[in-house]
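Read the structure below first, then the notes.
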Amino acid sequence: MKMKPPVEKNEYYDVTFEDLTHEGAGVAKVQGFPIFVPNALPEEKAQIKVTRVKKGFAFGRLIELKEESPHRTDAPCPIYKQCGGCQLQHMTYEGQLLFKQKQVKDVLERIGKLDLSKVTVHPTLGMEDPWNYRNKAQVPVGEREGGLVAGFYQQRSHDIIDMSACLIQQSKNDEAVQAVKDICANYGVKAYNEERHKGWLRHIMVRYGVVTGEMMIVFITRTSDFPHKAKIIEDITAQFPHVKSIVQNINPNKTNVIFGNETNVIWGEEYIYDLIGDVKFAISARSFYQVNPEQTKVLYDKALEYAELQGEETVIDAYCGIGTISLFLAKQAKKVYGVEIVPEAIEDAKRNAELNGNTNAEFAVGEAETVIPKWYEEGITADTLVVDPPRKGCDEALLRTIVEMKPKRVVYVSCNPGTLARDLRVLEDGGYVTREVQPVDMFPHTNHVECCVLIKLKE
């Protein structure tokens, strides 16, 4: 006989919140049945309304707070509750850092089955000023009442919230997005309409070199024509003298994917430049480049510390991207080999190595799980292996290769604690031991957390 859930849709309940989900929603229970409620915090008492009931859990919304958490604060962003970009602005920054450390510990125990009495999970490294950190703004453009709107999508919808400023974006990016929107509106540019697949301007992207002050403007358009091109370029460059590059990307497809395959520089340079520490990077419209360079340096300094390089080591950097970690490692290692599946990223990595005068970094295109075993057969072995995989974590074949190669230490840089925990279990079963985990707050006010992990071969 099927058990009926103890809560009903549209009914009101008085609850106490016990925990947060990894997405940042409050968790309350009615007769042991979990209800997930956005904008609620542990230890808070509230009246909620149930909005959706599933077999094993329900969703609700906050109606009235009766007791507040000491970590509750007023979200400074006026559109925080509508916009889907941040999840934790209603929590003090100290509370966010504690939540992220706890999140990491939880998954290491639950998914990784690690004994945390033997692993040091450090307090989360946060920012002194956790606002205006993003160096890239990428906003959809739409039309409302005959004018252009540009902003972010409302939660769980494709309705654009027009906004003049985003508190986690570099303010220079906000200014540029607004100016480009106004300039385009001035010349009667038509925004792309997703439903009808008509109109021209789909997205505006702005990239900003925080150290160099250089800026790139990218127009993502449905067709390859560019109405009023000369005038629009003239207006942008007059208003923003630090713009070094204006680019058009053409995406003719009926899709949610932002970029199309064709990218053309329509004014200025192909690249802008920025520095992380003393390493210089060339950034194109499509380059993957960390959006918070200040915290990226914190993360990479920790990776260097865990690598313990003395100048005589060979290091392999799996998932090397445009060479960001590789070029930090190359300053202290004898030789660094980087591998990455995206050919354009490897071109960028080689360019960045040249830019920094690195002669001891070598890069190859391919799947890490294919290229690294080939290197192993050729006699290229690593004293230290660094992995910085995408959210899905390391490929199983790569983990098997690591276990076979037996590098003395592995430094794992992760953007997803769940897949990190899964992969650590595989490495532990293969003869490794997890020593230290350092959470880093790369994206304040969101539910994301990065980690740097020191893993050593058992002696």
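Even glycines carry a Cβ here, placed using N, Cα and C.
Fair warning: this is a prediction, and the values are worked out from it, not measured in the lab.
What Swiss-Prot records for Cys415 is active site, nucleophile, and it gives sequence analysis as the kind of evidence. Sequence-distant contacts of Cys415 (active site, nucleophile), defined by Cβ-Cβ distance under 8 angstroms and a gap of at least six in the same chain, are Pro390, Arg391, Met442, His448, Glu450.
Taken from Swiss-Prot, the feature [4Fe-4S] cluster binding site covers Cys77, Cys83, Cys86, Cys166, and the record attributes it to similarity to another entry. When other Cβ atoms within 10 Å of the Cβ of Cys83 ([4Fe-4S] cluster binding site) are tallied across all protein chains shown, the result is 18.
Classification of Gln290 (S-adenosyl-L-methionine binding site) by DSSP places it in coil, neither helical nor stranded. Feature annotation from Swiss-Prot assigns S-adenosyl-L-methionine binding site to Gln290, Tyr319, Glu340, Asp388.
In terms of DSSP helix, strand and coil, the domain 'TRAM' (6-64) has 0 helix, 35 strand, 24 coil. Annotated domain 'TRAM' per Swiss-Prot: 6-64, in sequence order.
Of the recorded residues, Asp388 (S-adenosyl-L-methionine binding site) and Cys77 ([4Fe-4S] cluster binding site) place their C-alpha atoms 32 Å from one another.
Shown in sequence order, Phe288, Asp317, Cys320, Gly321, Ile322, Thr324, Ile325, Pro389, Val413 are the same-chain residues outside Gln290, Tyr319, Glu340, Asp388 whose Cβ sits within 8 Å of the Cβ centre of the S-adenosyl-L-methionine site. Taking Cβ-Cβ distances under 8 Å and a sequence separation of 6 or more, the neighbours of Tyr319 (S-adenosyl-L-methionine binding site) in its chain are Val339, Glu340, Ala368, Val387, Asp388, Pro389, Pro390.
For Cys86 ([4Fe-4S] cluster binding site), the same-chain residues that are 6 or more apart in sequence and have a Cβ closer than 8 Å to its Cβ are Ala75, Cys77, Tyr80, Ile168, His445, Thr446. Listed in sequence order, the residues Ile79, Tyr80, Gly85, Gln89, Phe152, Met163, Leu167, Ile168, His445 complete the 8 Å Cβ shell around the [4Fe-4S] cluster site centroid, once Cys77, Cys83, Cys86, Cys166 themselves are left out. You'll find the Cα of Cys83 ([4Fe-4S] cluster binding site) roughly 22 Å from the Cα of Gln290 (S-adenosyl-L-methionine binding site). The Cβ of Gln290 (S-adenosyl-L-methionine binding site) lies under 8 Å from the Cβ of Ile276, Thr296, Thr324, Met442, each on the same chain and at least six residues away in sequence.
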